[in-house]
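Novice: TrEMBL lists these features:
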- 5-21: transmembrane segment (TRANSMEM)
- 23-288: domain 'NADH:quinone oxidoreductase/Mrp antiporter transmembrane' (DOMAIN)
- 57-76: transmembrane segment (TRANSMEM)
- 96-115: transmembrane segment (TRANSMEM)
- 152-171: transmembrane segment (TRANSMEM)
- 178-196: transmembrane segment (TRANSMEM)
- 202-219: transmembrane segment (TRANSMEM)
- 239-257: transmembrane segment (TRANSMEM)
- 277-299: transmembrane segment (TRANSMEM)
- 290-343: domain 'NADH dehydrogenase subunit 2 C-terminal' (DOMAIN)
- 320-343: transmembrane segment (TRANSMEM)
Amino acid sequence: MNPHAMFISTFSLLLGTTITISSNHWVMAWTGLEINTLAIIPFISKPHHPRAIEATIKYFLVQATASALLLFSSMSNAWATGQWDITQLTHPTSCLLLTIAVSMKLGLVPFHFWFPEVLQGSPMMTALLLSTVLKFPPVAILLMTSHSLNPILLTTMAIASAALGGWMGLNQTQTRKILAFSSISHMGWMAIIIIYNPNLTLLTFYLYILMTSTVFLILNTTKALKLSTMMISWTKTPMLNATLMMTLLSLAGLPPLTGFLPKWLIIQELTKQEMTLAATIMALLSLLGLFFYLRLAYYSTITLPPNTTNYMKQWHTNKTTNTLIALLTSLTALLLPLSPMILTTL
């Protein structure tokens, strides 16, 4: 990509995110979301491959629809109440439309269909941006309007997202699609708790970004786009594959690792709110996710490919992102002992 175009797109991405996060007026929030949508399109369509162009068109159509719904929601609220302030969303129809619009932006069930397809058609680093940075603005809008959202609707969508994210990820062979369904499942965990404890949602989101970024950077370094490639990636970077296993198990939410913290706190909070059934269902649905994370970990570290070709360990590897990956992996594995300190900030 042309360096000038790259700079403009990256700057627009940061600008759009900042505008949405820091705005109090609905029109400014909508403007930031639109800037974000237009800024990421060059990154998705960069490979000039039919699948990349298809992913770009799908992404644009879905995001344009979601933005139109969000604008319509804010306008109908302003028409009924005379308020353009984001925190003053009180009209029931506007609340419903906003929930639908933000769910489309985040890829919550039943508006999730675009997300795995777009991620599969994008380069690995663009998929990282789509899974992390571009979820900031919709999550910020959800946090600002959390007091006026419909709890039954949001809980239903959250449980459906956790179920479908785990269920659909079981049979995938492409790593980007697996991570897309993992993202849908994590968004379900965030959505179920946002009304009762928005700070906990924010903590879950930060930890999700930390773990997902680590996995994407490792897969980008080893160039593992599908499971069969992951089998032979140990010849390139044996240590990186071992840390990938730790990161995947953390993403699954196994106890000694960082990923256990948000799941534990969310189940605890749901129980406090007398939503024991929802907490039980979410805990059981996390087993589906655990299965495909274990499968990824198994493919990357334990399985040897069933062929007779001898692989020589490469002595020279690209070391540009290794320091960052080392830092992120350490945080992904070792943040759980800091949970008492984190709990005091909630």
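First residue shown is number 1, and so on along the chain.
Even glycines carry a Cβ here, placed using N, Cα and C.
What TrEMBL says about a protein is an automatic prediction, not a curated fact.
Here the structure is a predicted model, which means the values were calculated and not measured.
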Novice: Is the transmembrane segment (277-299) in contact with the transmembrane segment (152-171), using at least 3 Cβ pairs under 8 Å (sequence separation of 6 or more) as the test?
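Specialist: Touching, yes - the transmembrane segment (152-171) and the transmembrane segment (277-299) meet the threshold of 3 or more Cβ pairs under 8 Å.
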Novice: What stretch in 5-21, 96-115, 202-219, 320-343 has the biggest tally of Cβ pairs under 8 Å against the transmembrane segment (239-257)?
Specialist: 320-343
